[in-house]
Structure formats: structure tokens, C-alpha cells
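Annotation comment: Swiss-Prot describes 251-311, 443-480, 1096-1132 as region 'Disordered'. The feature compositional bias 'Acidic residues' is assigned by Swiss-Prot to 264-289. For 282-315, 454-519, the entry in Swiss-Prot reads coiled coil. Marked as compositional bias 'Basic and acidic residues' by Swiss-Prot: 290-299, 1096-1107. The ATP binding site feature in Swiss-Prot is assigned to 609-616, 907-914; the stated evidence is sequence analysis. Per Swiss-Prot, the feature compositional bias 'Low complexity' maps to 1108-1117. If you look up Swiss-Prot, you'll see 1123-1132 marked as compositional bias 'Polar residues'.
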Amino acid sequence: MELHVQLKHSTDCFVSLPPKIVHSLLLLSEKQSKSLGTLGLEITWYDKINKKENKGYVGWAGGSTDPRFTDSIEMSQEMAQCLGGIKNEQKLKLKALNNIELAHSVQVEPLTSDDWEIMEVHQQYLEEQLLNQVNILYSGQIVPIWIHHKTIIKLKVTETLPTPVVKLSSNSEIIVAPKPRNLPTTTTSSQQQQISKETLKPRFLQIKDFKIDYNNNNTFINEIYINKELLNQFQWNIGDIIEISKVSKNNNKNNKKEKNNNGGDEEEDDDDNEEFDDDDDDDNNNNEDDTSKLQKQLDNKNNNNKKNKKNNKTIYARVFINDKSNNQQVLIHRNIRTIGNFYINTIVRLKYTTSHSLPICPIGSILVKQVIWKQNSLSNLIKQQSSQKIYSVEQIKEQIKVWSNNNLSNNQRYPLLNGSIVSINSNLDLSFNFNNLTSSIIPPTSSSSSSPSNNLDSQRSNNNNNNINNDQLNDITNNMNNPYLSSIQQIGDIMSNLNTNNNQNNQNNNSNKLMNQFQMNNGIFMLSLEILSNDKLLKIESGGNNSIEKKKSLEDYNEIGDRLFQRIGGMEKQIKQAKEFLSLYMYKDLSVIREQLNTPGVNGMIIAGSHGSGKSLLATSLGGYYSTDSRSNAFIIKLDCNQLKELKVENIRKQFNKLFYKSCKESGNTLSATTSTNTTPPPIIIILESLDLILGTPNDQDPGSKIRCEQLVSHIKSLCFKYQNRSSPIVMIATVISSQSLCQSIQIPELFGLTIELQAPTREERVEILERYLKYQGKQLKDQQSLNLMKFSASMEGYLGCDVEQIVDRSIHLSSIKEIENNNNNNDDNDDDNIIEFSIIEKAKEGYTPITLKGIKLHSSEIKWQDIGGLDSVRAMLKETIEWPTKYPKLFQSSPLRLRSGILLYGPTGCGKTLLASAIAGECGLNFISVKGPELLNKYIGSSEQGVRDVFSRASSAKPCVLFFDEFDSIAPRRGHDNSGVTDRVVNQFLTQLDGVEGLTGVYVLAATSRPDLIDPALLRPGRLDKSLYCNIPEFNERLDILTCLKSKMNLSPSISLEQLSTNTQYYTGADLRALMYNAQLKSIHEWMNHLEEEKKRKRKEKEDQSNKNSSQQQDDFIIFQPKNNDNSISKSNLTFEEKTNLQKQIDTIKSQFINSNTSTLNKSNLSNEQPPLITQSHIDLALKESSPSISESERKKYERIYNNFLKERGSVTGNKKEGVPKQTLA
């Protein structure tokens, strides 16, 4: 609805509506049987001067306009001016708001000091008439209030709860902030003339850490340090109080205002407007109505203000000189940085603060707690010192007394905030909390000259200070009597008059809360020796955790420095490569080269590697290195993408908006060229942990993943190019599992110009990791010179860096347990605590599963090469292909040829193909995964191919690894002969895995089959299973070798002739010979057991005969013992015949069990003394008579024909030579 405005003279903030609208509202209220009450209205108009549309909110209390104006609303001239300069007859858009929340609390402040003084005088009137003049308020509004319909005061609404637009009620709480008039001080004429515009300018410097030299008895209170040159340039004095705050967007605007300000006071900064633009979010809200839009915007702004006020705390500290800082730096201690959330290498805003503008608060109580610093995620990576000592209450009091007498003499006063931390000595940090107890808060009074001012008089001092500027100190001391402090006490009085007088006690509590809230957020407290000496003010918590305040220091990469490089082993090449790439962007003195080369202001590197390979450790080390390097002083910020993987695209984009904006704001890149700053913004390193979790390779079967990836990549690109700065570049370091797992569209040279692949460490690198991590932990090996660490490293093939470190940690724990046990046993072992025996490290390795092998089923074997007879040429070829590259890696790394990684074992069944694979698992020290052919086949489409991929994936995770496929012809037959097409797809998948561009590094494929002609020929070409080894039916010498190996595990008679046996077993395979020997052994065991059984029967018969003979000669007697009765008389009752019979049976049973137990013991002793069964020639002859070759003559000829054709197709002969098989050549 559009209406014109008519300005009139009235003494309230309500508007009047046209009569027809009022009539319609009355009819509506009667129809709904509801009282109409007041109504909230939203008005919108166009400002022609500023060329923008404005909005405001007003209330209607039932008034109607002059009947002559049917399309107009009326409001007071003062109200129109406060809304934004609404002119008479201006067109307004009007909209009724139905659901406006009742106000819980409204914070207002007088627009001028005159308004504040008038308000103090007319407190009672405001309480009675406020609701009669205004009922709708919103954040940022300026409200005119009439005193007795004559005098006008104006209030600015700073905050409304619970919503940005509220309706006042009798239960609403109104909080008024004081606006005292600045009183002139005693040095108005002299000192204020000395405060020039140059002094009042805000300065922007880079933060560096300040270390306390406790050896010189130095302590830390609340100080910052710059060099003398900067102090003179800024026209500051030693001991001046400086306001420290973060850089924000508004610093540019406020800086311009300060340049145009001709007065002595500068404009206040507003650091509460950090907004992260997201253009796409606006497009999603087009369907919302104007009311919901405005409500949402105001809610977001209100929430952002609260959050930023909490995070961007303003700190006050005195400034001193320290020559260790240069002209671009300010030294700030950890205590201040923790309270103010200031990170090292970020740009901070420093501003001189005049004495009369300090928000000094009276001290009613001081609560002191000991601060215990907790480790953060970065400090856990470096070696920490011993834990902090916990002081008792009496010790803290004594330390405070000694410290205050030494450091707060000469009437020094230091500005502290609530929660400020003071370092008493190297082991004791204390937090000071002021006026945090309700019982200790100074009660409000109605007189401006009451006890607070008198109490502060005791804090005044006229003595000179050698370290602090005398004029500045006098300014602060004299100013502590000004009405500013008294006005703080009078807030409770104003609030009690604005509300009803029936709840006086509740109003006093509210005023106390108001005072405490003001002091907690804005107030500073001047700490002095006199105050700390007052036992009534000082309180120290006692008992348990109440006396301790745990704080976590900021995660500053400066804390790490280059110390992590001392821990990292086996990465020298990667570290050098990363430094060469990053230094061009990080070093400030190379900015000229960047300009000449037209280097972009943004780039990055990708660190790829499996879990536990050291990606995060390397990225963190590089961040710490460039954070402490004086040539870069880079600002480091980290984002863990693992926390974003479940979020929607819109939320992920907002997080990246905040990440880039925060990094640029903290480093000072948002400062305009006109801002007065002494430093160049530092370069920025953004560490993106696990970037592939949110930007993974899109799935072809999921179109949504591709769209999501493209949206995020496009947004990251736009952010990089938006915030790029050649003088202060942005470098991203992303960690991923592999370059293939990361979306390819983001791997462009403009964003990521370098990719570093972290492979599993070699044998020498594992030794280096072991030695460095031991040294890093402050340990060393006992008799290290005589140890063969290379041999121990060879047993950890496939271990990653984290696995080696885990073994060292386990060994340290075992060593500590051993030391405790020695101390408990009073053993005089004087070995150094830092010495670790190598046997403990070997014990720590036992039972440990490397991270790459967890969840993978590996095959273990105890078969050695000497357990295999014959097959000499096959064994030699397997050693050359698999064992040698593992034993001599450097020799093969220098070879320019690609190593052979696929071998096919073929031959008749029972010729030792599977046995050879088992020997490889036991001899070569490689992980061994065995797969039976039919295990991979599945009737469902895609399942078999997925099984093949999973097998090769497990092998790659467990590398170096041997992947053995038995019965290979069953899963990889010739293509085109399967109606279902399952094996065809499996063969295609095998071809993809075996012939990849990257190759199977560290994975050896071993396949065994008896029908090589059935295997698809494509799998047998070079680069795949290119080496075929023939396992032949053993000949005479090979059979003799096999029998000799079997003899070593059996008890053979010396009279047996193995040569004769080898002659008699022609065409026997290795499996046949083993079965023959096992059958002979079983016959020997049966004969031995029969002999023992006959011997036992003979001995048993002899014992029975002897027992019968003895029983005939004598009869066993037994005596029945009868106990006495209670009266010591013996019972005379005799046993019955039945009872005697049962008793006799029990005695016979006991005797029988006794005899049998003796016999069993005797038999066991005899068995143990017996010799094991001996295999004689007779046993061999019986077994040979019952056995025959497992491969018949027809099958042998069939195999020979098959293998001959196979060799002709292959064009070469491999494996053992055999008569009747023609030799093939490559001619």
C-alpha cells in the first residue's frame, strides 16, 4: 500500500492512519472478538539524495488522520527526521507486521552527553511516560523522547532481544549505557597540545612472539614492545597505554574519517561487520517476502556482531622499547595473544589511547587462579617440557607478594582486562578476574560522589616513575575521579526508576548484572601494589580444579618452527623440492623477481600419499618453517576438509569464503593503500587437509558428484583469483591420498603447480627414520655401532614412517616398564634412562601390524628353498625376478629397464608349482596374498571385476607383495568362449590391472596353471605375465634331490638306497614321491604301534598271573573304625551284611584305580623311552607296491602335446629341459 506522509507537530513516535483504514481495522477486530491494541508497521521510501531505498519501523496506537487526507499518514517532524530525513508529501510504502516479538531487553545509549544529563534528571518521568510515546523499536534506530512535552532527547537503540524488531511492554527491560561528558584534566593546556594527529593515528604492525628472560628476573604483566625508531616515529612515550585490536574492513573507512577529523578525538572502530559475500545465496532467497528477508538479514547481523565482539576483544597494554623487533613488528607475549586471539605474523591495529577515553572500572574484588597451559594439536607434534608445578594457595599468595613488591613499586599501574594473564615466574602464570563475585560488586548509589570515587582516591599517586611517562600516569590517576566511574554506578539507579518500584530487590540485582557485564566486556582495571596488598580485595580459590584455570594456547605455527624437520626422516628429496617451489612465493625479497616473471599471486602444491606416509607432518613442517623464516614470516591457516565432507555445497562454499577472507584480513591484505601501515602484508599458506574428501574424482554412475565437484572447483578458483596478491601471495598446500583420488579439474598449474608423491620408505630411509625419531625422543641405542640396523630394517619391508615411530614409542614404553621392574626388584642397574637396548625394539616389533596391512589377510609359510627338490632353473629364475630386487634395491633402481613383475608357472599337477609359491612367501620377506581362481567369479554383473580390483588394491596397500593366483586358467580363459561373458570381463579387468601406465611398483604377480593353452594370450604378452616357467615331471636326479629333501624330515634306515628308489619311481611327480614316503612312514608307524600293543598285552598278562598268585596266598584284611558318640561311649551296633558288601566294593574300586594309574604312568614312561618308528626297506617296498604315478602315460603325452604347442606359440623354451620337447628359438 502506498501513502503520502503528512508531517505534523506531536509529542510521540506513533503514526496516524487514514480513517478508512482505521475503520477496516476496527471491523476486523470486532469480527475476531479481539482487542486491536497497537500495530507495527514497516515503511519503505526512496531517498533521492543518496539514491537508495530505506526501511524503517513505526507503531500505530489508534490515531487517524485529518479526513481531508484520505491517502496519507501523519507523523511528527522529529520522528521523520530520526527515521532518515523523510520529507513532507513523500511517498511511502506501508506494510502491516502481525507477529512482532515482545521485547525482553533493549540496550540504548543517549545520542549526546546533554541527552544523558537530561535523562538523569528526569528518571521518574521516563519510567511513567516511555510507553505512551513509543512502542516499536529496532536495532540501529534513533528515537526522539519528549520530556514534559517540551524538551526532546534522542536515544540510539544498540541491541534488541530476542529479535531485531521488537514491541515494548511493561515487562521489557531497558538498559541505558552512560554518555558522560569528558572533563578537562589538569594538563589540558599543556599535554593535550602535545597529542598531535600523528600520535592519534592507528598503526598496523606484524605480531612477533615476545619471550621473557626469566634468568634476569624479568616477569610479564601487560606490555608490548617496539623498537625506539618506531616509538619516535609514532610520537609515543614509554609507558603509554595502547589499544590493540584486530584488523577489519572498517579500518579503511575509519582511517579516512580520522584523516578528516580536525578534533582531538578519533573515531571509534567498529570491528563487528565481518561479512562473507556469497552471491549465490541471494539468488536462493528471491521467493521470500520482504519481511522475512529483512528479519533474516538483521538476525545474521546481530549474531555476527555478538560473535565478533567475543572473538575480537580489545586489549590495552603499555608500550616499551625492545631492539629485537624491526620497523615492521610489534612483540606481543603469549598471555596477551591468547586473550585477544592474536596470531603470530598477523597484522594488528595499534592506537594511542588518551587518558580521558579509557573505560577504567573500580575494583571491587580480584579472583586469582593459577593458569595451566594445555597442549594443542601443534604442540603435541614437538617435544614438550615437564609438566607445570601446581602451587598451593599459600604459595601463590607468597609469590604474589614477592612479585608485587619487586615489579609494582614506584606506584606503577598496569591496565588489565577480566581474564588477563600475568607471568609471575617461569613456572607460575596467574589469571586475574575482577568483580566477578556478586557479593563483591560495589553496590549502586544515588550520589555521584559516593564511595567509588572515594575508594579510587586511595589509588592516586604523585610520585615519579622512572619507566612510565609521568604526565601520562598523572592523567590516568586524576581522571579516575571523573563522573565516568560514578555514572557506571548510577546505571542501577536509572534502571530502577525505569521499572516498577514494587520489585526493588530484583532491580538491584539487575543493576549488579549490568555493571558486571560492562566490566567483563569493556572495562579495564588498573592494577597496583596498593590494591594487591589489600587482603579484602584479593581472593584465591582453593581446593581441586577450582583454583586452576586451564587454557589452551593458540595454534601458532611459529611454535613449531623448523624443529619438525629434525624429526622427519627419509624425505630430504621431497623437502628440498617443496622448498624450491615455495620459496619463490614466500620470500619477500623475491617480490621483484615475481614481478619480472609475471608470477601469479596464488599457487599451491599437492602432497599425495597413503595414510601414515607423513603428508600432514610434511605440510605442518613447511608451515612452521616459513612462519619463522625472517625472509617470509608467513601467516599459516589450516582447514580440515574431513569436517566438511557431510555438508552441502552452499555450506562448504561459505566455509571457504570465511577461510580466504580471514586469512587475508589477519595478514592485512584487506587494508587499503591509504591506510597508515609500516609493514608489508606477509604471504599466506593455506593448508587444506584431506582435500580429496570434498573434491574427489567424480563417479561416472553418480552425475550429482560431478556437478558438486564442478561447483566447488569453480568457487575455489574464483576465490583464489579474487584474493591473489603478487606482493603477498597465497599458497595452498593440499594433502590427498593420491593424485588420482583428487578431482582433475582443480589440478591445474594456475592453482597447484607441484605434486609430491610420498612412497613407502626404502630400507635406508627406515633406518634414518628410526635414528631420527629416537634422537627426537631423547633416546639412543645401546652399542649402536655394533648393531646391524639394515638387517632389522629389511624385516620391516612395507612399513611406513608412522609404523617405525609407533615401534619406537612401544619400545620406550617397554623400556620404562623394565626400568620400573628393576627398581622394584632393587637391581643395581645404573644404565642411563635415555639408553634403549636393541632387544627391546625387536620385542616391540613382535605382534605389530603395519597400517598398510591392517584388515588384509596374508599367507604365511615356513617352507624354505632347501625344502624343495629339483626345479633348480625355476628357483633361480624366481630368485632373480622377485628376491634380488628386494635384496639389492639400489642396483635395480639404477637400471633403466622396467622390472619384470609377472610370472606364469605351468606344468602337470603335482610338480611343485604351489610349493614354489609357498617358498617365495617364506624366503623373500615379502607379503604374500594367495587367491584361488574360483573365489573371484560371481554371477552378478560387475562383482567379478570388482573382486579383481579389490585384490590388486589390497596388494598395492601391502607392497612389497606377491600376489599368487592358483588355477589361473579357471578365471582367465580365452575370451569369446563363455556364453555368460563373466570371464571375458574378468580378463579385461586383469589386462587393465597388469598393464597400467603407472605399472605395478612393488607388486609381483605369480600365476600357476596346468593348462596354459586355455589362458587368454593377451595376458601372456610382454609387460604382463611375460615370463613362463615350466615345472616338469622330475627326472632321475631331480627325483633323487626330492627324496633327499624328504629324508631330512623322516627317520630312514641307513640301508635304504635312495638311488634305487629314484630309479624305481620313474614318471613319479614330486607330490607322488611325497605320498610314497608318507605311506611308508605310516606303515612303519603301524608296525611300531602293533609291536607296542603286543608288548603291553604280554606285560598285562604277567601282572595278572602274579596278582592271582598273590591273592591265593593271602587275603586282604580291613579294619572298620567306629568313632565315639557324644557321651564318649563307643557305638556297639554292628554292620549288616549288605553294608559290609558295599564297603568291600568301594575298597576294590579304589585298589583297581590305583593299579591302573600306576600302569598308565609306566606305559607313558616306556613310550617316552621308545625310539621313533624307523622306516626300513620293507616299508618302502610295500608302499611302492601299492602306489603308481598319478599321471598316466596318455595324460603325459597329452600334456607334452599341449606344452609343445604352447611353446611354439610363445616362441621360446622356459623352465626345465625335457627329452622329446623340441627347443624353440626366437629366429
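Counting begins at 1 with the first residue displayed.
Glycine too: its Cβ is placed from the backbone N, Cα and C atoms.
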For the coiled coil (282-315), mean pLDDT (0 to 100): 48
All-chain count of other Cβ atoms within 10 Å of S613 (ATP binding site): 24
Assigned element (helix, strand, coil) containing G907 (ATP binding site), judged by DSSP: coil
List of residues, in chain order, with Cβ under 8 A from that of C911 (ATP binding site) and at least 6 apart: L871, C1031, N1032, I1033, P1034, T1069, G1070, A1071
Those residues of the chain, 6+ apart, with a Cβ under 8 Å from that of K913 (ATP binding site): L905, Y906, G907, A1008, C1031
DSSP three-state assignment for S613 (ATP binding site): coil
Cβ-Cβ distance under 8 Å to H611 (ATP binding site), same chain, at least six residues away: I737, I851
Which same-chain residues, if any, lie at least 6 apart from G609 (ATP binding site) yet have Cβ under 8 Å of it: K615, T735, I737, S738, E757, L758, Q759
In the chain carrying T909 (ATP binding site), residues 6 or more apart in sequence that have Cβ under 8 angstroms from it: S1010, T1069, A1071, S1190, I1191
